[in-house]
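For reference, the structure discussed in these notes is given below.
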Amino acid sequence: MSFLAKVQAQNPLVHNITNMVVTNFTANGLLALGASPFMAYAHEEVTDVAAMASAVVLNIGTLDPYTVEAILQAGRSANQAGVPVVFDPVGAGATPYRTESAIQITEHVQIDVLRGNVAEVANVIGEQWHIKGVDAGAGEGNMVEIAKQAARQLKCIVAITGEKDVVTDGNTTYTIANSHSILTRVTGGGCLLSAVVGAFIAVADPIESQERLNAVVEALAFYGIAAEIAYQQTAGQGTGSFQIEFINQLSLVTPDIVSTHSKIAKV
Ligand code: ATP
Ligand code: TZP
Ligand code: MG
Ligand code: MG
């Protein structure tokens, strides 16, 4: 059974501590594909919610000290309960506060999947890479090598996205060529992807070797295919229509469509 089919069958609870820009988009995207979103931030409850969830997705898009502390508490609780953790270090490298907070989170929480653009991932592991606000800037350097280095350093799966997507655990590496550049013109395209990765990893067997890596790869292919079909359905209508159709496609793309449309390569 594919991971998408398992998400649809199991309806995993995904605890999100995310940013105020993308909250509604993220909840609707997770609901569309068959997961159950739960946004909870209060220090009084984050440890309980993280421990009861099937995955925890942490995102520093509109961080402040209260949210960073909530992230640290939720992440540690998830670690203790054996719940997988996805981290999206939005804007790491853009300001010292973002970079320091992202590094602090990786030092106190064992991350299972780090998902970001190449500049964010590079900055989390102490490499210099120019970033413009929350969007990846131009940079020299090898995306695959940065991904592998980050995976080895943080002992986790790393998904670097952009024009090309790379997923690695430091040893085995895949590229995923599904997607459409119109996603760069919809805010939350990356944040929702991180939450979708949370839904897929929630249904992967943590013991079975390579299961989690395969789940992340399938999540990126599924997401990119939904974008490709949504673009075809709304070509010429603008980015607002695309955004709506993209949510539609997250609910309509089937495991069969994923297996026939995936453009996954091992590198
Ligand atoms: P950024 O802030 O740099 O845009 P992000 O957090 O939004 O980063 P992205 O790298 O944009 O994350 O990835 C989100 C989705 O958009 C992924 O599915 C990715 O494949 C897709 N994507 C991003 N850039 C492009 C592009 N130039 N062409 C095609 N797809 C893209
Ligand atoms: N500003 C702070 S967080 C945020 C913006 C615009 C959303 C970023 O979303 P994404 O998915 O990284 O494009
Ligand atoms: Mg983007
Ligand atoms: Mg982002």
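Glycine is no exception: its Cβ is also placed from the backbone N, Cα and C atoms.
Heads up, TrEMBL stuff is auto-annotated, nobody curated it.
What TrEMBL records for Met39, Gly188 is substrate binding site. Neighbour density for Gly188 (substrate binding site): within 10 A of its CB lie 22 other CB atoms from the protein chains shown.
Look at TrEMBL and you will find Arg115, Thr161 tagged as ATP binding site. In sequence order, Arg115, Gly116, Asn117, Gly190, Leu193, Leu220 are the residues near Thr161 (ATP binding site), counting only same-chain partners six or more apart with C-beta under 8 A.
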List of residues, in chain order, with Cβ under 8 A from that of Met39 (substrate binding site) and at least 6 apart: Asn16, Ile17, Thr18, Thr23, Thr26, Ala27
Neighbouring C-beta atoms (10 Å sphere around the C-beta of Arg115 (ATP binding site)): 31
Annotated binding-site residues Met39, Arg115, Thr161, filtered by Cβ under 6 Å to ligand 2: none
Listed binding-site residues with Cβ under 6 Å from ligand 1, out of Met39, Arg115, Thr161, Gly188: Thr161
